[in-house]
There are 4 protein chains.
Amino acid sequence: MDYKVADLSLADYGRKELSLAEHEMPGLMEMRARYGDSKPLAGARIAGSLHMTIQTGVLIETLVALGADVRWATCNIFSTQDHAAAAVVVGPPSSGGSVDNPQGTPVFAWKGETLGEYWDEAEKVFDFKDEAGNLIGPNMLLDDGGDITMLLHKGVEFEKAGAVPGQDSTDNEEYKEVLRVLARSLENNPTHWTNIANSILGVTEETTTGVLRLYDRFKEGSLLFPAINVNDSVTKSKFDNKYGCRHSLIDGINRGTDVMIGGKVAVVCGYGDVGKGSAESLRGQGARVIITEIDPICALQAAMDGYEVKRLESVVETADIFITTTGNFNIIGVEHFKKMKHQAIVGNIGHFDNEIDMAGLAKIPGIVKDEIKPQVHQWIFEDGKKIIVLSEGRLLNLGNATGHPSFVMSNSFTNQVLAQVELYTKTDEYPVGVYVLPKHLDEEVARLHLDALGVELTELTQEQADYLGVPVEGPYKSDHYRY
Amino acid sequence: MDYKVADLSLADYGRKELSLAEHEMPGLMEMRARYGDSKPLAGARIAGSLHMTIQTGVLIETLVALGADVRWATCNIFSTQDHAAAAVVVGPPSSGGSVDNPQGTPVFAWKGETLGEYWDEAEKVFDFKDEAGNLIGPNMLLDDGGDITMLLHKGVEFEKAGAVPGQDSTDNEEYKEVLRVLARSLENNPTHWTNIANSILGVTEETTTGVLRLYDRFKEGSLLFPAINVNDSVTKSKFDNKYGCRHSLIDGINRGTDVMIGGKVAVVCGYGDVGKGSAESLRGQGARVIITEIDPICALQAAMDGYEVKRLESVVETADIFITTTGNFNIIGVEHFKKMKHQAIVGNIGHFDNEIDMAGLAKIPGIVKDEIKPQVHQWIFEDGKKIIVLSEGRLLNLGNATGHPSFVMSNSFTNQVLAQVELYTKTDEYPVGVYVLPKHLDEEVARLHLDALGVELTELTQEQADYLGVPVEGPYKSDHYRY
Amino acid sequence: MDYKVADLSLADYGRKELSLAEHEMPGLMEMRARYGDSKPLAGARIAGSLHMTIQTGVLIETLVALGADVRWATCNIFSTQDHAAAAVVVGPPSSGGSVDNPQGTPVFAWKGETLGEYWDEAEKVFDFKDEAGNLIGPNMLLDDGGDITMLLHKGVEFEKAGAVPGQDSTDNEEYKEVLRVLARSLENNPTHWTNIANSILGVTEETTTGVLRLYDRFKEGSLLFPAINVNDSVTKSKFDNKYGCRHSLIDGINRGTDVMIGGKVAVVCGYGDVGKGSAESLRGQGARVIITEIDPICALQAAMDGYEVKRLESVVETADIFITTTGNFNIIGVEHFKKMKHQAIVGNIGHFDNEIDMAGLAKIPGIVKDEIKPQVHQWIFEDGKKIIVLSEGRLLNLGNATGHPSFVMSNSFTNQVLAQVELYTKTDEYPVGVYVLPKHLDEEVARLHLDALGVELTELTQEQADYLGVPVEGPYKSDHYRY
Amino acid sequence: MDYKVADLSLADYGRKELSLAEHEMPGLMEMRARYGDSKPLAGARIAGSLHMTIQTGVLIETLVALGADVRWATCNIFSTQDHAAAAVVVGPPSSGGSVDNPQGTPVFAWKGETLGEYWDEAEKVFDFKDEAGNLIGPNMLLDDGGDITMLLHKGVEFEKAGAVPGQDSTDNEEYKEVLRVLARSLENNPTHWTNIANSILGVTEETTTGVLRLYDRFKEGSLLFPAINVNDSVTKSKFDNKYGCRHSLIDGINRGTDVMIGGKVAVVCGYGDVGKGSAESLRGQGARVIITEIDPICALQAAMDGYEVKRLESVVETADIFITTTGNFNIIGVEHFKKMKHQAIVGNIGHFDNEIDMAGLAKIPGIVKDEIKPQVHQWIFEDGKKIIVLSEGRLLNLGNATGHPSFVMSNSFTNQVLAQVELYTKTDEYPVGVYVLPKHLDEEVARLHLDALGVELTELTQEQADYLGVPVEGPYKSDHYRY
């Protein structure tokens with residue numbers, strides 16, 4: 001078995017954590033219980049790219065329990081939990097695997113990869129082979145942010161063109177690595193990616209960002225296979241984004257800084273689902289939260305929820321904590337850094353690290369970057385003022401804490417499993433396009449998580465269902481219902 | 001001028017309240033400022049049916065300021081504020097009207113109408129006449145719950161059939177009155193409603209219930225003119241339903257009972273927008289709130305928001321306060337009443353009074369209904385146990401308090417004004433069908449309410465807008481975004 | 001029976017409300033159950049002065065059930081609930097009283113007394129007579145704010161001096177009335193008050209203000225009899241002041257103005273118990289609350305609770321609602337009024353109406369006071385700006401709503417009953433001085449209110465009690481414990 | 001310089017953290033600014049025993065900046081932050097110390113001491129020597145929990161008796177170590193402790209537990225010197241206990257378990273200050289919190305704050321998280337463990353580890369204790385059920401997280417500094433006894449923390465101060481005011 005992880009000896013600790021997490025992921029465990037025998041994913045070869053955490057480990061092993069072959073990389077160079085990666089490679093007790101004889105799933109991920117390593121490992125998730133050792137590639141993708149989907153599409157594009165652009169065609173350091181990997185592959189096999197693409201039945205995508213890329217591709221006609229947008233399942237966007245961040249935002253701040261949040265002024269940039277969860281997180285600790293927003297509807301929601309809503313410029317000199325949640329770029333820039341108070345804390349829980357202008361920060365004359373501990377830096381200005389930046393501007397809940405907790409990820413990941421099964425088993429129903437899961441599956445995901453919380457669900461009588469014009473067993477709401 | 005109100009001498013007090021409310025309704029006042037000169041509703045004859053409150057008074061006078069002729073009835077026999085009705089009839093200072101010489105808008109509404117009176121007055125809002133006194137009818141409808149829309153459609157239907165069914169064809173006391181009114185009209189003029197219907201350019205509908213009726217009609221092909229669904233504007237459903245109820249639920253309970261809410265156990269049936277606002281309302285007063293739900297997604301939201309979620313049967317014996325918010329029927333029935341504690345409080349803030357089985361309650365052997373004060377009754381069981389029922393099971397925030405406050409209604413009603421202007425001025429763009437307002441108007445409604453709350457809205461740079469793929473000035477979100 | 005109320009025919013409605021309130025006052029009802037037979041207050045003649053509300057009605061009838069004779073006046077010219085006064089005069093069903101033949105307790109109170117009437121009625125609560133009709137006066141006082149205690153002490157003082165100062169010796173309009181009443185009594189009977197004072201066994205006082213007066217008298221040596229400070233029982237100050245105001249503040253604002261509180265900026269002046277409850281009340285409705293404080297400890301508490309803490313000057317121009325809770329005077333003055341926004345709302349829930357400089361407001365050149373409805377006035381400045389003032393600066397929860405709800409008053413009033421029993425039955429243990437109730441009685445008051453809320457109290461094992469060094473049955477805390 | 005720490009090379013990291021913490025401890029930094037020149041502690045030799053964390057480092061260096069000589073041990077075998085201990089030994093930059101040449105304060109503490117080591121190191125804080133190297137001992141104690149105070153008192157007692165009881169006179173493992181240490185010292189020098197005790201001017205004690213021991217000693221007449229009870233300063237008990245735990249409880253649970261708190265049922269045993277902060281902490285994360293209480297007043301507070309209040313027996317089978325906050329013992333026992341759900345989480349943030357019956361747990365037949373990671377164990381029952389126990393029942397916020405954050409500890413520790421100065425400089429004013437700091441110092445501590453939070457404090461006018469009968473500059477409240 002090929003794999004590449006930091007330290008396989010961490011597997012024992014990882015297995016204990018996986019065991020604990022399974023109890024907190026009732027949706028995934030119910031998937032195993034329902035489909036463990038029928039194995040609807042038998043024959044599926046899933047190439048996955050998603051933060052290699054304990055929760056992802058439970059997802060991977062659920063996919064395997066449903067019959068799939070899986071290969072996995074991370075979608076983020078810092079977020080891997082090395083004990084999780086090791087444990088997945090070793091495999092569950094039922095696999096008979098051990099540190100000396102791993103029998104689990106091939107994983108290619110460790111905490112702190114370089115960008116070059118990242119793209120080298122991303123390429124490897126496509127290396128499924130048949131029993132004879134011939135490369136056959138995956139037939140399903142599971143993606144977070146769209147990196148492996150992009151790699152495959154770019155590979156096909158360059159093979160069609162017969163050439164990969166030179167690395168000096170771009171200023172983007174990361175894209176140089178993509179070009180390097182694809183140039184190497186073109187040299188080895190000029191139809192490598194095209195062959196793979198022909199086998200792919202579909203991709204299931206986890207995030208807003210990846211979904212936007214998919215819609216763009218679909219609009220321009222370049223999407224090669226159907227996609228399910230998992231991000232916009234209610235049980236993903238309204239739970240993972242909101243309640244996950246409510247949990248993990250303060251967890252990241254606490255582990256990173258140990259600073260008291262109570263009594264402080266915290267600015268949350270953006271009041272979408274992530275912003276709503278973040279604001280609640282900070283308020284729950286006694287911070288006074290100020291919101292910035294561009295959308296008047298979200299701004300009015302923030303005001304009605306009792307938050308002050310200001311432009312960043314108006315409060316940058318007095319606030320103590322700054323958190324970006326926007327999915328946009330250049331939210332906090334050099335001019336803001338210059339005006340912040342000594343020991344202001346800056347972090348991002350939105351998506352990309354460009355929400356905060358880290359490059360601009362580094363270029364401020366005389367500034368010194370000093371590591372306090374991993375993922376926590378003080379940037380010391382010439383006059384001695386320090387700004388604390390978490391996770392170098394990347395997602396602080398992953399870099400400074402352990403990401404979202406298992407229970408909320410169980411919602412997102414049960415959507416992933418259902419989406420994989422849907423695309424893999426109902427190929428004919430999904431021509432090339434971007435889909436969301438049907439409402440009844442979204443409701444089913446929620447239903448699977450109620451018992452664990454002691455929730456009693458009320459059942460409609462037939463008369464009540466008729467009165468509302470819905471089936472007794474749901475779905476209950478129109479597709480545009482906002483929850 | 002024809003009109004029918006309780007007491008015109010209440011107009012002075014009503015005018016003071018209208019003046020105060022105008023300040024709290026910045027969206028409507030901005031409509032007047034923007035369109036007061038161009039008068040986009042010039043020529044519009046609007047028949048309106050909506051709770052005749054102070055806030056509705058500001059709406060009516062805004063429609064008039066935009067050029068419309070208006071006639072108004074209430075949509076609920078108990079919700080009229082008599083001073084508001086009187087003030088609207090007298091008219092604003094600019095009209096030169098006085099109690100002795102009213103110059104305002106014809107209103108046909110008073111608190112405590114009988115069902116017969118209700119439908120007689122509903123008919124009158126159609127009686128627009130030209131200068132010669134000939135009946136010309138309205139060309140626009142503004143409806144809440146769909147009663148006048150139904151009256152018109154039924155009128156047309158019976159005229160086509162050439163006959164109105166007898167009153168004994170139905171057990172429904174209210175529908176008997178509808179048949180009575182339509183039979184009378186058919187006798188007077190067999191093409192009365194058909195003539196009117198031919199002039200109608202469209203209807204704007206305020207509520208979930210009314211909207212459902214419209215969709216049903218459209219599906220079955222019987223809808224006679226286009227409709228705008230105001231209810232599903234974000235700035236209506238997520239503000240009026242949620243934040244309006246957060247305000248008016250405890251206001252109604254307090255005025256009705258003076259009972260301490262803090263420390264009590266309150267059951268909120270339903271966790272949609274109304275339920276969410278209601279739960280927050282009670283929790284803000286220190287109650288321990290328990291939710292009942294049929295939809296697993298909403299149930300999971302409730303649990304994640306920290307509420308206990310139970311079936312009503314499990315908690316009916318221990319809770320102190322019961323509030324229905326479902327839009328469904330028979331939520332609280334006789335078996336529940338029998339198990340409730342002495343002096344349990346029961347009220348409805350959902351939609352119809354059938355959420356609570358009032359008829360069943362009245363039939364419990366030996367039970368006595370005793371009025372404590374208007375809209376507050378104790379139902380005394382044979383064994384002496386008392387249950388307090390608010391507003392006879394009708395909307396308690398209207399019956400026991402004064403409904404939603406002006407600011408939140410300004411959001412709903414600015415949607416109404418924009419929808420009236422849209423349908424009246426862009427007739428060609430709206431063939432028969434049911435529409436929601438376009439996103440940019442929804443955002444505009446929110447925008448008009450920010451200044452009053454001191455909100456500073458952030459503006460996208462062109463680069464950021466391009467990054468997101470949205471215009472700098474919005475709209476910012478896809479139609480299915482959930483807020 | 002002598003009495004003076006607004007309208008005895010309101011008694012039926014009052015009796016219903018009394019019956020409902022009894023259920024919400026489990027402490028008082030338990031007093032009746034425990035002591036109704038032994039009648040520890042037999043022989044007590046209690047002169048009472050406290051807001052004549054429904055809750056006070058339950059208190060009065062509890063004192064009677066314990067054997068006392070009672071006569072009652074209000075302590076506030078606006079707070080009387082006329083139906084409560086009527087019901088108490090008629091008496092409970094067990095008294096056999098009716099509107100035509102009242103058999104209850106003599107009450108001298110109606111809503112809207114003049115200051116002259118107020119002091120005339122206050123005098124009457126001392127007019128206990130024996131069966132022969134001879135004046136014998138009370139032997140116990142129950143006071144709120146200290147007015148009847150002051151009347152008696154001043155009466156004694158002037159009788160000793162042999163003369164009452166002329167009314168022109170003071171500028172204080174109210175004190176002129178006190179002098180008028182005492183001059184009249186001195187003329188009628190030069191030892192009237194001295195005789196009464198000799199019979200008094202003690203007074204129980206409800207409020208901070210009254211308690212301060214008692215401590216001052218005790219320090220200067222002029223206190224004539226022992227006093228129990230009910231205000232500083234934990235079950236009074238931490239419940240009535242905090243949770244009572246959490247309930248009644250927004251109730252008063254809502255009934256007075258119907259203005260949406262959500263999204264507004266509300267300034268709460270003071271963060272003592274009343275301020276804490278007020279801030280929570282407004283925050284629970286979605287307001288953004290700003291605190292003003294003089295005490296650095298309370299200010300730090302407010303900050304740690306997530307509130308912005310500012311000087312009034314810094315926020316007076318931008319806030320929407322201003323509430324005083326301080327017990328101090330001149331908190332909001334003319335300079336503040338001048339800077340407030342149009343339609344700012346101003347109210348007081350602290351103690352005296354001098355927290356707001358109403359006299360100064362009235363003297364602003366060109367200002368006009370316009371009544372919107374009783375207890376709600378708009379003060380119109382020359383430039384048209386309006387300020388809404390609630391209850392003329394007096395307690396808005398009493399003037400615009402119905403005061404604290406029954407359940408929280410049950411705590412305060414059970415303390416009153418226990419204090420009356422304590423002073424009356426253990427006269428020897430209380431030499432002249434000011435006392436708080438012993439801790440075990442304070443805990444007992446709390447204990448009596450737990451069942452109604454479904455609270456299960458844990459019991460210490462003997463080993464645990466020994467470990468803590470407390471009795472199993474309490475008291476559990478030292479006297480200085482802060483809760 | 002003598003010292004004993006885990007690893008001096010951690011000092012650099014520790015110095016960075018100390019520098020960050022100084023900014024968050026404005027009270028201590030103001031002590032340095034005010035008294036750094038006058039050095040009121042010059043000549044003081046302070047023996048300290050308190051958790052050796054970063055915050056304590058700032059305290060120690062503040063005492064030194066005020067002129068004191070200091071020696072320090074921890075009061076808890078698990079709570080030492082090794083980088084903090086190292087940094088304090090090396091000393092601040094101004095000391096010129098380095099890892100190779102430490103110039104700071106002698107510290108005797110490392111994470112994970114044995115009980116034997118703990119008492120050996122505790123003894124060493126008494127080893128002050130004069131320049132000639134003769135033992136002179138401390139003249140001040142600063143204690144947390146009373147261990148070094150106890151050691152000294154026991155030492156004196158046994159020296160007076162001329163003998164130390166044998167270790168087999170007790171079953172208590174820890175007390176055996178105390179006896180061992182004292183026996184050794186008696187052998188070396190039969191007047192060692194008596195000599196030291198004669199020099200001691202006083203002790204300042206941090207905790208409830210230590211304070212109880214002091215009061216007990218004072219009552220029985222065995223207290224050897226005056227003591228200041230720092231615990232009962234308002235700025236300690238109402239801030240450290242409440243807001244500190246609000247921060248550090250969820251921090252400990254998160255770091256220990258990564259379990260989602262939102263949606264879970266959490267039982268908080270006790271609703272004192274620690275319980276209040278703990279409940280708020282969990283509720284802020286979306287947990288449904290249930291309280292257990294023995295004191296009816298605290299129980300009623302919990303109910304009024306919207307919490308369910310139950311006996312542990314009633315909810316032990318359904319809750320997910322159990323937190324003890326009582327200061328009592330045997331709160332969670334074997335019978336409870338047996339009924340808990342699989343993967344229930346159990347932790348203590350009260351005081352001693354005996355709040356949870358860890359000994360009983362270990363004795364359950366067939367149970368296996370399995371370490372997941374340091375300070376996190378799963379106890380596996382015979383049937384496979386696992387219970388997660390944090391920090392082996394010791395304080396989880398210290399064992400699983402980093403204790404209270406700097407800002408709140410700045411309040412507690414500024415009280416400590418003021419208390420040390422008070423006792424050391426005003427020896428005559430404090431005869432043997434137990435004192436709290438005077439109110440004006442308590443208010444001063446709060447005042448020193450307002451600027452950092454942007455709080456504007458309002459100043460009384462002279463007229464207002466006179467009206468209230470307080471000085472303009474405070475103190476503002478009576479000693480029994482409850483905040």
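Keep in mind that glycine also has a Cβ here, set from the backbone N, Cα and C atoms.
For reference, TrEMBL has these:
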- B:Thr53, B:Asp144, B:Glu206, B:Lys236, B:Asp240: substrate binding site (BINDING)
- B:207-209, B:Asn241, B:270-277, B:Glu293, B:Asn328, B:349-351, B:Asn397, B:His404: NAD(+) binding site (BINDING)
- B:241-403: domain 'S-adenosyl-L-homocysteine hydrolase NAD binding' (DOMAIN)
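Features as recorded by TrEMBL, highlighted on the structure.
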residue	record	Cβ contacts under 8 Å, 6 or more apart
B:Thr53	substrate binding site	B:Ser79, B:Thr80, B:Gln81, B:Ala84, B:Thr402, B:Gly403
B:Asp144	substrate binding site	B:Ser49, B:Leu50, B:His51, B:Cys75, B:Glu205, B:Glu206, B:Thr207, B:Gly210
B:Lys236	substrate binding site	B:Glu206, B:Val230, B:Asn411, B:Ser412, B:Asn415
B:Asp240	substrate binding site	B:His404, B:Val408, B:Met409, B:Asn411, B:Ser412
B:Asn241	NAD(+) binding site	B:Gly272, B:Asp273, B:Val274, B:Gly277
B:Gly275	NAD(+) binding site	B:Val268, B:Cys269, B:Ile291, B:Glu293, B:Cys298, B:Thr325, B:Thr326
B:Gly350	NAD(+) binding site	B:Cys269, B:Gly270, B:Val274, B:Thr324, B:Thr325, B:Thr326, B:Gly327, B:Asn328, B:Ile331, B:Leu395
Lowest local Cβ density among B:Glu206, B:Glu293, which the record lists as binding-site residues, within 10 Å: B:Glu206
Sites among the binding-site residues B:Thr53, B:Glu206, B:Thr207, B:Asn241, B:Glu293 close to chain A [C-beta, under 8 Å]: B:Glu293
Cβ atoms near B:His404 (NAD(+) binding site) (within 10 Å, other residues, all chains): 28
Neighbour tally for B:Thr207 (NAD(+) binding site), based on other Cβ positions within 10 Å of its Cβ: 23
Across the domain 'S-adenosyl-L-homocysteine hydrolase NAD binding' (B:241-403), average pLDDT on the 0 to 100 scale: 97
Neighbour count (Cβ, 10 Å) for B:Gly272 (NAD(+) binding site): 25
